[in-house]
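K.L.:
What follows is a single structure, and I will ask about it in a moment.
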Amino acid sequence: MFNGAVSLLFLFLAVVSARADPTFNDDVLGLIVFKAGLDDPLSKLSSWNSEDYDPCNWVGCTCDPATNRVSELRLDAFSLSGHIGRGLLRLQFLHTLVLSNNNLTGTLNPEFPHLGSLQVVDFSGNNLSGRIPDGFFEQCGSLRSVSLANNKLTGSIPVSLSYCSTLTHLNLSSNQLSGRLPRDIWFLKSLKSLDFSHNFLQGDIPDGLGGLYDLRHINLSRNWFSGDVPSDIGRCSSLKSLDLSENYFSGNLPDSMKSLGSCSSIRLRGNSLIGEIPDWIGDIATLEILDLSANNFTGTVPFSLGNLEFLKDLNLSANMLAGELPQTLSNCSNLISIDVSKNSFTGDVLKWMFTGNSESSSLSRFSLHKRSGNDTIMPIVGFLQGLRVLDLSSNGFTGELPSNIWILTSLLQLNMSTNSLFGSIPTGIGGLKVAEILDLSSNLLNGTLPSEIGGAVSLKQLHLHRNRLSGQIPAKISNCSALNTINLSENELSGAIPGSIGSLSNLEYIDLSRNNLSGSLPKEIEKLSHLLTFNISHNNITGELPAGGFFNTIPLSAVTGNPSLCGSVVNRSCLSVHPKPIVLNPNSSNPTNGPALTGQIRKSVLSISALIAIGAAAVIAIGVVAVTLLNVHARSSVSRHDAAAALALSVGETFSCSPSKDQEFGKLVMFSGEVDVFDTTGADALLNKDSELGRGGFGVVYKTSLQDGRPVAVKKLTVSGLIKSQEEFEREMRKLGKLRHKNVVEIKGYYWTQSLQLLIHEFVSGGSLYRHLHGDESVCLTWRQRFSIILGIARGLAFLHSSNITHYNMKATNVLIDAAGEAKVSDFGLARLLASALDRCVLSGKVQSALGYTAPEFACRTVKITDRCDVYGFGILVLEVVTGKRPVEYAEDDVVVLCETVREGLEEGRVEECVDPRLRGNFPAEEAIPVIKLGLVCGSQVPSNRPEMEEVVKILELIQCPSHDLE
């Protein structure tokens, strides 16, 4: 309060001084008033002083020498916050105003463009919000350049924009603008650069674009535009870059594009364009970047591409192209990257690259993933030494690896997996000093793994599985200190596992299964603290498995097939090792008393043998007694602790078990390593009807407590008959137990018997989202709480998808709210337990979500179910959270489907009907509308039209308006 009074007093004195002293002009007053509305944490504006009547010396200010008035104000990246005050309207001679890359908030003042001299306005990179006022462009005078990019502006583009006939540069990218482009936008005949990318704009591009003869750059990417690519775009003869990627454009490329003779970049990826790639594409001689990926182009690659001598980046991936790659591509000597993966190419597709007539090449990336054919890989020639990424996987290549492929010393990634390559791995492999990924898996390679592999010191992933490699694993592999993945499975490797592997501290994944490895496991592997997967199954490994840490939870399937391996995992005890008996040398004799000594030796040997026999008998007798006592103790201990803890769970009417003579003992695993975690003294109350929290398709959830009093939730699974084996169950549990995210419920452990499986996870005190939305009518979530919940669910799902886990069952009852109001996704990963029964269970309703949440692809057996089904469920959840209504509700004579109701309301402009009436209008429309639209997009009937959850998170973070506090 005191500071506010001082600021007002200061401004009053400034105004009085201005009236009293004619030298104190409007510029000084305007700048001081503007500064008063800012927070300047770095004191960048310390030189702005009302006692200094000459602002021309102030930081960021530039004056016109003719008038001695401020003509430029540049405060970009000053770390300023606050709002853009009206004081700047006093700067009548200002022609450049740059406030970019700060943290300014608030809405746009429609009067700024009215400054008669103003030519450049740059407010980009701030946190401005609200709509662009209709009056912002109505009297734009001599305005030349406007950038409002990277803010949080909402609403539609004002029609008044067409009045700014002098505008040459317009950038409204990376906001939350929606609606259609104004039809009169192409009246801006002076436009040279237009960027509307990364918004929510939609509809067809209006006619008239071809009238912008001076247009150099246009970027409409990452929107929801549809229809055809404008047919008159070729009339923009000055165009240098065109980006329409990540939209919904369809149809063929318009022939008028061949007139874009000055264009250097064409990006059309991620649309639904069809037809063949036209021959005239090779007539755009200035092209440097051509990206037509992720469309529906068919036919062959035109030979005319070889005419593009300046081409640097060519991406034709993820189309339906066929035939061969034209050899004319070798004429494109400036190519840096080419990606033609995920097509149907046949024939000799590499000849153009390996028989180039250039002495040098700048090619650094080549990808030809997934195509059909059985060609040989031609020798790598020297002009490809700049290659950094080479992906030739899944192509049916035959022959040997090129002996000189290792001269590609710049390679970061080499993938030749899933071909029919044979022969040995060249010893020059060590020349790949900077390579991070080497994948030669699923081939017919033989011979040994050369010790020179240790020269590839930057290697992070080594995939050589499914080959015919023999010999030993070289100890020098430990030189590759960055390795996190080693997969040598399904080969013919022999010998012992080198102890040097234990020095690879970053290792997370080791698979040496299905080889002929022998010897004992080196003790050094116990040091590998980051291990997630360790598989040595089906070898001849002997000795004892390590104990403790990761190896406590290793599945039986990871070590099975090693008959001489012992330890708790294989349920085989390790025999004690006794010192060898002393053997006397019978040839050591004294010539003087040979016979006597011989007899003495015999007596000694006999006595030693007798002692050994007696000792062995005693050891056996003691061992039998000890084992008996230990068994008695162990049985009583198990019954007191683990068995009591687990079997007590069957007490109560919902856990009644049929009597059996042989009591079944289970396996209890807590990922924290805690022992005796359950308080078993009150077994009757551990899991019974009174402690039940809820029921679902997979089982019943109960609340109980650990011995230290911490509450946990325990789920009794009801899908026991569908789970294949204990090993698969435990493997999946360990994967789920490693997941840690604030928006995902933590799995703490599990319990297994053949007839009973329990999941132990954290107890979330706030209950389900369903209860918060549809439970107590007197409780109403605020908008801020609802937005936080939506964002939390999105982040949790994105995390699960990044961990290759699909939920399959997104609904309000599977989202829990903790005491802090944070959303946590629960009940995830359970479908993975069902293995081959998954499809049957999905279609029978075991995994399906409740009514209204189920993605339409579940009803079609021919459609692959992917993680996009979760995106659909999320979209329905978003609408449920915003509206407060269930996905499907029943009226007297009708069924109301939420998604359809919201879509109709939004299209008809009845936004208030799309938001929970209990909020009584207390919500920011600039947040609510984009959130609703996002929910509708996520709930699209077509899986490919739904965004990925990672993208959804980014969109929500853009939508969020921290300046609004509507609690």
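Cβ from N, Cα, C; glycine included.
Below are the features listed in Swiss-Prot for this protein:
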type     : residues : note
CARBOHYD : ASN103   : N-linked glycosylation site
CARBOHYD : ASN127   : N-linked glycosylation site
CARBOHYD : ASN219   : N-linked glycosylation site
CARBOHYD : ASN296   : N-linked glycosylation site
CARBOHYD : ASN331   : N-linked glycosylation site
CARBOHYD : ASN415   : N-linked glycosylation site
CARBOHYD : ASN446   : N-linked glycosylation site
CARBOHYD : ASN479   : N-linked glycosylation site
CARBOHYD : ASN487   : N-linked glycosylation site
CARBOHYD : ASN516   : N-linked glycosylation site
CARBOHYD : ASN535   : N-linked glycosylation site
CARBOHYD : ASN587   : N-linked glycosylation site
REPEAT   : 165-189  : repeat 'LRR 4'
REPEAT   : 262-284  : repeat 'LRR 8'
REPEAT   : 482-503  : repeat 'LRR 16'
REPEAT   : 530-552  : repeat 'LRR 18'
K.L.:
Looking at the glycosylation sites ASN103, ASN127, ASN219, which sits with the largest number of other Cβ atoms within 10 Å of its Cβ?
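P.N.:
By the 10 Å Cβ neighbour count, ASN219 comes out on top.
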K.L.:
What count of other C-beta atoms do you get within 10 angstroms of the C-beta of ASN415 (N-linked glycosylation site), across all chains shown?
P.N.:
20
K.L.:
Six or more residues beyond either end and a Cβ under 8 Å away: which residues meet both conditions relative to the repeat 'LRR 8' (262-284)?
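P.N.:
221, 229, 237-253, 255, 290-308, 310, 315-316, 321.
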K.L.:
Given the glycosylation sites ASN127, ASN219, ASN487, which lie close to ASN103 (N-linked glycosylation site), meaning Cα to Cα within 10 A?
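P.N.:
Passing the 10 Å Cα cut: ASN127.
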K.L.:
Please classify the secondary structure at ASN479 (N-linked glycosylation site) using three-state DSSP.
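P.N.:
Its secondary structure by DSSP: helix.
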K.L.:
Quick one: pull the CA-CA distance for ASN127 (N-linked glycosylation site) versus ASN219 (N-linked glycosylation site), whole Å only.
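P.N.:
Here the two Cα atoms lie 22 Å apart.
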K.L.:
When the Cα of ASN296 (N-linked glycosylation site) is compared with the Cα of each of the glycosylation sites ASN415, ASN446, ASN487, ASN535, which one is closest?
P.N.:
ASN415
K.L.:
Taking DSSP three-state, what's ASN331 (N-linked glycosylation site) in: helix, strand or coil?
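P.N.:
DSSP call for ASN331 (N-linked glycosylation site): helix.
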K.L.:
Between ASN487 (N-linked glycosylation site) and ASN415 (N-linked glycosylation site), how far is it from one CA atom to the other, in Å?
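P.N.:
That comes out at 14 Å between the alpha carbons.
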K.L.:
Going by Cα-Cα distance, pick out whichever of the glycosylation sites ASN219, ASN446, ASN479, ASN516 is nearest to ASN415 (N-linked glycosylation site).
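P.N.:
Nearest in space to ASN415 (N-linked glycosylation site), counting only the glycosylation sites, is ASN446.
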K.L.:
Restricting the comparison to the glycosylation sites ASN219, ASN479, ASN516, ASN535, which residue's C-alpha is spatially nearest the C-alpha of ASN331 (N-linked glycosylation site)?
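P.N.:
Closest by Cα distance to ASN331 (N-linked glycosylation site) among the glycosylation sites ASN219, ASN479, ASN516, ASN535: ASN219.
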K.L.:
Using ASN446 (N-linked glycosylation site) as the reference point, find which of the glycosylation sites ASN219, ASN479, ASN516, ASN535 has the shortest Cα-to-Cα distance to it.
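P.N.:
Considering only the listed glycosylation sites, the nearest one is ASN516.
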K.L.:
What's the CA to CA span in angstrom from ASN516 (N-linked glycosylation site) over to ASN535 (N-linked glycosylation site)?
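P.N.:
ASN516 (N-linked glycosylation site) and ASN535 (N-linked glycosylation site) have their Cα atoms 14 Å apart.
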K.L.:
Under a criterion of Cβ-Cβ distance under 8 Å and sequence separation of at least 6, what residues of the same chain contact ASN535 (N-linked glycosylation site)?
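P.N.:
Non-local contacts for ASN535 (N-linked glycosylation site): SER489, ILE510, ASP511, LEU512, SER513, ALA558.
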K.L.:
Mean pLDDT, the repeat 'LRR 16' (482-503)?
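P.N.:
Taking every residue in the repeat 'LRR 16' (482-503) and averaging pLDDT yields 94.
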K.L.:
Between ASN219 (N-linked glycosylation site) and ASN479 (N-linked glycosylation site), what C-alpha distance do you get in Å?
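P.N.:
That comes out at 48 Å between the alpha carbons.
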